[in-house]
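The structure under discussion appears below in the form of C-alpha cells.
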Amino acid sequence: MRAEARGGLERFCSAGKGRGLRALRPFHVGDLLFSCPAYACVLTVGERGHHCECCFARKEGLSKCGRCKQAFYCDVECQKEDWPLHKLECSSMVVLGENWNPSETVRLTARILAKQKIHPERTPSEKLLAVREFESHLDKLDNEKKDLIQSDIAALHQFYSKYLEFPDHSSLVVLFAQVNCNGFTIEDEELSHLGSAIFPDVALMNHSCCPNVIVTYKGTLAEVRAVQEIHPGDEVFTSYIDLLYPTEDRNDRLRDSYFFTCECRECTTKDKDKAKVEVRKLSSPPQAEAIRDMVRYARNVIEEFRRAKHYKSPSELLEICELSQEKMSSVFEDSNVYMLHMMYQAMGVCLYMQDWEGALKYGQKIIKPYSKHYPVYSLNVASMWLKLGRLYMGLENKAAGEKALKKAIAIMEVAHGKDHPYISEIKQEIESH
C-alpha cells in the first residue's frame with residue numbers, strides 16, 4: 001500500500017504511539033484532509049423512521065421494509081444496498097418481536113462479520129489501515145471488560161447464528177475488543193447519537209487533547225478537517241474524548257477506554273485545569289481538602305446520574321441535577337466544569353420534558369464557559385449555540401435566535417465544511433422565521 005494512498009498524507013511510526021498519520025503538505029484551517037466511507041455501520045434503534053437505515057439521510061417520507069416494517073429507506077436503491085446486511089436482522093425482528101434486543105456493539109460486529117464474508121478484499125475505507133490490523137489491547141482488559149465481551153459473544157450467537165457463520169471463539173474475542181477500541185459514534189449537529197460505525201483510516205489517527213483535526217459525518221461518510229494550521233511533517237491528531245474536563249479526568253477516561261496516558265501540551269502544562277475547576281472567591285477561600293472532597297463528590301454524582309438515566313423519571317433526574325449544583329456551588333463557581341456537566345444534563349432533561357424556558361436558562365449559563373474551556377472549533381460549542389438558537393426561535397426571540405445560529409454556523413463551516421447539508425438546513429431555519 002503506497003504511503004500517499006490518501007493525498008498529502010502518509011502512515012508512519014509515531015514515537016511512543018505506534019502507528020500514526022502524518023501530513024506531507026500544508027493544510028489550512030477548514031481544509032478537508034480526507035474522507036472515509038464507513039466499513040460497517042448501524043443506525044441506532046431510536047432513530048428508525050427518522051433516518052435511512054442505509055445512508056443515514058434524515059428526511060420525511062422514508063419507505064419501510066415490507067417484511068419487518070422496522071427499517072426505513074430513502075428509496076429502492078438504499079434498500080437494495082442494505083439488504084445483504086439488513087437480512088441478518090429482518091426475520092429475527094419479526095419472529096422475536098420485543099425480545100429482539102442485541103446491543104448496538106453486537107449489531108455492528110455482526111455487520112462487520114458479514115462484510116468480511118461478502119467483501120474479503122481491502123475496501124476503500126482501508127487505504128491506510130485494514131480492519132484486521134486494528135489494536136485490540138486484549139492483554140490489558142480487566143475481568144469486567146472480558147465478561148462484557150463474553151456476554152456480547154453470547155448475544156451474537158443468540159440473535160445471528162441462523163444467518164452468519166462465526167469464526168472461532170478466540171477470534172470473536174479479538175474482534176469485539178477491536179470494535180470497542182476502534183468504533184465510532186455517529187452524531188448529528190446537536191450531538192445526538194445516530195449510530196455506530198467502523199472507519200478504519202480514521203482510526204489510524206492518534207489522540208491529542210489539543211487536536212489539529214476534527215471528525216464530522218455526512219451520512220455514513222466520515223470527514224476529517226483541519227482546525228489548526230498543519231505543516232508538512234506534522235502528525236495529524238484527533239481527540240478521542242470530550243475535552244471539557246481537567247487533565248486527571250481526561251487521562252482516567254483515556255486509560256479506561258484506550259489504555260494510554262496522554263502527554264500532549266495540554267496534559268503536560270495543565271494550563272486550563274485551574275479555570276476548569278474554578279473555585280468560588282469567598283472571604284475565606286475553601287481549603288485544599290474541601291476542594292478535593294467536592295471534586296470527589298462531583299465525579300461520583302456524574303457517575304450516579306449516568307446510571308440513574310436508565311431507570312429514574314425526568315423529574316427525579318432534574319432533582320439530582322439541582323441538588324448536586326446546589327451542593328457544589330458552596331465551593332465551585334458556575335464556570336467550573338463539574339457544575340457545567342450537571343447544568344448540561346439538566347438542560348437535556350428540560351428539553352426532553354419540553355420545558356423550553358428551563359432549557360434556555362441552563363443553556364445561557366453554559367455557553368460562555370464552554371467557549372472558554374473548549375478549543376476554538378468545537379462541536380460541543382457549535383451544538384450548544386445551535387440548541388440556544390433553536391430555543392430562542394421557538395420562543396419567538398428571532399434576533400437572539402439568529403445571532404446564536406450564526407455563531408453555530410461559523411464553527412460548523414470549519415468543522416463540517418461550507419457545503420454540509422446541516423449548514424443549509426440551519427440557514428433555511430433563519431430565513432423561514
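Just so you know, glycine gets a Cβ as well, placed from its N, Cα and C.
Residue density at N206 (S-adenosyl-L-methionine binding site): 21 other Cβ atoms are found within 10 A of its Cβ, drawing on all protein chains shown. According to Swiss-Prot, the S-adenosyl-L-methionine binding site annotation covers K17, G18, R19, H137, N206, H207, Y258, F259, F260.
Across the zinc finger (52-90), DSSP assigns 12 helix, 5 strand, 22 coil. What Swiss-Prot lists as zinc finger is 52-90.
Marked as Zn(2+) 1 binding site by Swiss-Prot on the basis of sequence analysis: C52, C55, C74, C78. If you draw a 10 Å sphere around the CB of C55 (Zn(2+) 1 binding site), it holds 20 other CB atoms from the protein chains shown.
DSSP assigns S283 (phosphoserine) to coil in the three-state reduction, placing it in neither a helix nor a strand. Swiss-Prot lists S283 with the feature phosphoserine, giving similarity to another entry as the kind of evidence.
Ranking the recorded positions C55, C78, S283 by Cα distance from Y258 (S-adenosyl-L-methionine binding site) puts C55 first. In this structure the C-alpha atoms belonging to F260 (S-adenosyl-L-methionine binding site) and C55 (Zn(2+) 1 binding site) are separated by 34 Å.
Listed in sequence order, the residues E53, C54, F56, A57, L62, Y73, D75, E77, Q79, D82 complete the 8 Å Cβ shell around the Zn(2+) 1 site centroid, once C52, C55, C74, C78 themselves are left out. Beyond the ends of the zinc finger (52-90), by six or more residues, the same chain brings 40-41, 43, 100, 107, 110-111, 114-115, 118, 159-160, 163-164, 186, 188, 194-195, 217, 219-220 to within a C-beta distance below 8 angstroms of the stretch.
Of all the recorded positions in the record (K17, N206, S283), the one with the smallest CA separation from C55 (Zn(2+) 1 binding site) is N206. DSSP assigns Y258 (S-adenosyl-L-methionine binding site) to a helix.
Residues K17, G18, R19, H137, N206, H207, Y258, F259, F260, recorded as binding S-adenosyl-L-methionine, reach a greatest CA to CA spacing of 16 Å.
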